[in-house]
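Listed in Swiss-Prot for this protein:
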type     : residues : note
DISULFID : 3-18     : disulfide bond
DISULFID : 10-23    : disulfide bond
DISULFID : 17-30    : disulfide bond
MOD_RES  : 34       : leucine amide
């Protein structure tokens with residue numbers, strides 16, 4: 001199952017971003033979680 005890399009478009013309600021990243025609800029792309 002492929003995950004979405006940094007700055008990939010994503011769906012906040014179905015977050016498929018890679019580990020350590022989270023789908024940003026406002027910008028709709030994967031951002032690092034610090």
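Heads up, the Cβ atoms here are built off N, Cα and C, so glycines get one too.
The two recorded residues, residue 30 (disulfide bond) and residue 23 (disulfide bond), show a Cα separation of 4 Å. Annotation for the disulfide-bonded residues 10, 18: lowest Cβ count within 10 Å of the residue's own Cβ, 18. Proximity of residue 3 (disulfide bond) to non-local residues of its own chain (separation of 6 or more, Cβ distance below 8 Å) is seen for 16, 17, 18, 19, given in sequence order.
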